[in-house]
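Now, the feature entries from TrEMBL:
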- 72-316: domain 'Peptidase S8/S53' (DOMAIN)
- ASP81: active site, charge relay system (ACT_SITE)
- HIS113: active site, charge relay system (ACT_SITE)
- SER275: active site, charge relay system (ACT_SITE)
Amino acid sequence: NSFAGYAGYFPDYMINLLRKNPQVAFIEKDSKVFANEFDIQNGSPWGLARISHRERLTLGTFNKYLYDNEGGEGVTAYVIDTGVSVTHKQFEGRAQWGKTIPLNDADIDGNGHGTHCAGTIGSKDYGVAKKAKIVAVKVLKSNGSGTMSDVIKGVEFAANSHIADSKAGKKGFKGSTANMSLGGGKSPALDLAVNASVKAGLHFAVAAGNENQDACNTSPAAAENAITVGASTLGDTRAYFSNYGKCVDIFAPGLNVLSTYIGSDESTATLSGTSMASPHICGLLTYFLSLYPDSDSGFSAASSITPAQLKKNLISYGTDGILSDIPDAETPNVLAFNGAGGNLTQFWSTGSSSKVSNSDFKITQEFETKLDSFVQNLENKLEGKAKEIEQLINDL
């Protein structure tokens with residue numbers, strides 16, 4: 001569930017020697033990664049409402065979030081980003097600083113991107129899982145960029161922290177999730193790191209990217225063990241900037257998303273991007289993980305559900321076929337759904353939703369046809385009886 005790797009400065013002759021070593025799988029040049037924020041606009045927090053309704057939002061539902069208020073309890077969410085404003089009032093004391101990876105950087109979010117993502121995961125008013133513990137893992141500097149090697153170190157920190165918490169057997173600990181709303185060029189090393197962390201038990205959501213291209217061309221979007229998230233709009237279309245393709249697993253709200261921000265402990269901002277979609281899914285992973293029942297229908301101290309199984313259930317439980325502007329058959333047309341605060345037995349038993357299948361529709365059609373026939377026969381009989389009664393009255 002891990003891999004050995006090194007980052008450093010090596011002269012060309014050393015790189016050539018290392019390439020010849022049979023114990024070295026590959027060497028890649030350290031590259032830049034960037035936060036997947038798209039732009040800033042005025043807007044409203046419609047995203048929570050959207051993931052708690054099967055149907056398209058209306059004037060009556062666009063601001064109503066249906067959820068279980070225990071969601072997030074006992075789960076730690078690692079935000080691998082620009083840092084988090086941990087003193088923000090929306091986190092209610094549930095956020096803490098984990099680690100700063102960039103050398104000589106400060107333990108603050110000087111950008112706002114990480115704080116915004118953290119707010120969507122677990123803040124009081126803007127969060128999916130409102131009782132989650134938030135841990136800041138700073139891998140990007142205040143300008144929103146960083147190195148691939150620092151990002152990998154951040155993933156390693158989150159995975160090791162999860163392993164330590166799991167081994168400690170703390171009462172009430174139910175598992176860990178991670179969100180990474182950043183991306184760059186294709187990096188086998190980063191994809192391997194993310195995949196290894198998932199195998200170690202970390203439930204991982206990553207942004208698909210904002211280049212309107214195949215997500216398989218970027219990392220960590222191409223990491224197959226993580227859940228790669230595309231962005232959708234209030235009108236249930238794929239956001240025009242969202243990456244797509246077979247590496248995308250699911251879509252979530254990503255246009256004009258209101259959440260926490262830097263500036264003060266009460267600041268908010270509205271941002272767009274797959275960076276905003278991914279924390280909806282991290283929040284859902286946190287939400288479902290916290291509500292996973294044990295054999296006594298209580299809440300397990302440390303959830304036994306694997307990241308692979310939770311990923312499968314989450315995707316299967318999503319709303320199928322509701323999005324437009326899906327560019328090809330390889331891109332899944334699935335929008336995230338939280339169960340609307342209801343009973344999640346179906347989610348845990350099969351992962352399947354209450355979607356209507358073609359066979360269900362045929363059965364319904366057949367029933368309606370029979371019902372129409374029955375009603376017509378009944379009306380004919382009643383009409384006949386009415387004439388008989390009328391004749392009896394005339395004969396009196």
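Glycine too: its Cβ is placed from the backbone N, Cα and C atoms.
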- Query: Taking the Cβ of SER275 (active site, charge relay system) as the centre, how many other Cβ atoms fall within a 10 Å radius?
  - Reply: 33
- Item | Mapped DSSP class for SER275 (active site, charge relay system), helix or strand or coil | helix
- Which of the three DSSP-derived classes (helix, strand, coil) applies to ASP81 (active site, charge relay system)? strand
- Item | Inter-residue Cα distance where the pair is ASP81 (active site, charge relay system) and HIS113 (active site, charge relay system), in Å | 7
- Note on the structure: Counting every protein chain shown, other Cβ atoms within 10 Å of the Cβ of ASP81 (active site, charge relay system) number 32
- Query: When you measure from the Cβ of HIS113 (active site, charge relay system), how many other Cβ atoms are you left with inside 10 Å?
  - Reply: 30
- Inter-residue Cα distance where the pair is SER275 (active site, charge relay system) and ASP81 (active site, charge relay system), in Å: 10
- Query: What does DSSP say about HIS113 (active site, charge relay system): helix, strand or coil?
  - Reply: helix
- Taking all residues of the domain 'Peptidase S8/S53' (72-316) together, what is their mean pLDDT? 94
